[in-house]
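The structure appears right after this line, and notes come after that.
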Amino acid sequence: MNPAHLLVLAAVCVSLLGASSVPPRPLNLINFQRMIQCTTRRSAWDFTNYGCYCGAGGSGTPVDELDRCCKVHDDCYGAAEKYHRCSPKLTLYTSTCSSQTGSVTCKDNGTKCKAFVCNCDRTAALCFGRAPYNKNNENINPNRCR
């Protein structure tokens, strides 16, 4: 085999091995991230470890209005799974953002699941836009969430 071909094959194998250790990002979270940035003008990463409910999981009593937005969003995703038999984190939909007004619109997505999930994300993103962001509630002690 040609040495150049071997080099390319080795590079592909190494890149695949490296990629296998990176967990795939749920596709819908990209849509939700865009909505959050539209309504808050903040990075969606600002909300990944906020309070008791923003980010993965959630328990206890929400620490403030923004954290309540996240709990409502979690509950909405639960309803999507239960009543619409869909996987919200994997459901792709179409929406538009007006960066001038901070408004988000869900487009006709063709299925009840897509429409429901888009509305879950839209409602949460608008709630994030209205709620104050308190830096003291970033990376809080998990004991506060019991």
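Cβ atoms are placed via backbone N, Cα and C, with glycine included.
Features reported for this protein in Swiss-Prot:
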- 1-21: signal peptide (SIGNAL)
- CYS38-CYS97: disulfide bond (DISULFID)
- CYS52-CYS145: disulfide bond (DISULFID)
- TYR53, GLY55, GLY57, ASP74: Ca(2+) binding site (BINDING)
- CYS54-CYS70: disulfide bond (DISULFID)
- CYS69-CYS127: disulfide bond (DISULFID)
- HIS73: active site (ACT_SITE)
- CYS76-CYS120: disulfide bond (DISULFID)
- CYS86-CYS113: disulfide bond (DISULFID)
- CYS106-CYS118: disulfide bond (DISULFID)
- ASN109: N-linked glycosylation site (CARBOHYD)
- ASP121: active site (ACT_SITE)
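Same-chain residues that are not part of TYR53, GLY55, GLY57, ASP74 yet have a Cβ within 8 Å of the Cβ center of the Ca(2+) site turn out to be CYS52, CYS54, ALA56, GLY58, CYS70, LYS71.
Counting in whole angstrom, CYS38 (disulfide bond) lies 12 from ASP121 (active site) by their C-alpha atoms. Note: GLY55 (Ca(2+) binding site) has non-local neighbours PHE47, THR48, ASN49, CYS70, i.e. same-chain residues 6+ apart with C-beta under 8 A of its own C-beta. With respect to their backbone Cα atoms, CYS113 (disulfide bond) and HIS73 (active site) stand 15 Å from each other. Same-chain residues at least 6 positions away in sequence with a Cβ under 8 Å from that of TYR53 (Ca(2+) binding site) are, in sequence order, PRO62, ASP67, ARG68, CYS70, LYS71, HIS73, ASP74. When other Cβ atoms within 10 Å of the Cβ of CYS106 (disulfide bond) are tallied across all protein chains shown, the result is 21. Among the recorded positions CYS52, GLY57, CYS76, ASN109, the ones whose Cα sits within 10 Å of the Cα of ASP121 (active site) are CYS76. Take the CB of CYS76 (disulfide bond) and look out to 10 A: across all protein chains shown you find 17 other CB atoms. In sequence order, the recorded positions near CYS118 (disulfide bond) (Cα within 10 Å of its Cα) are ASN109, drawn from CYS52, CYS69, ASN109, CYS127. Nearest by CA distance to CYS69 (disulfide bond), out of the recorded positions CYS86, CYS106, ASN109, is CYS106.
When the disulfide-bonded residues CYS69, CYS145 are scored by other C-beta atoms within 10 Å, CYS69 scores highest. Measuring Cα to Cα from CYS106 (disulfide bond), the disulfide-bonded residues that fall within 10 Å are CYS97, out of CYS52, CYS54, CYS76, CYS97, CYS145.
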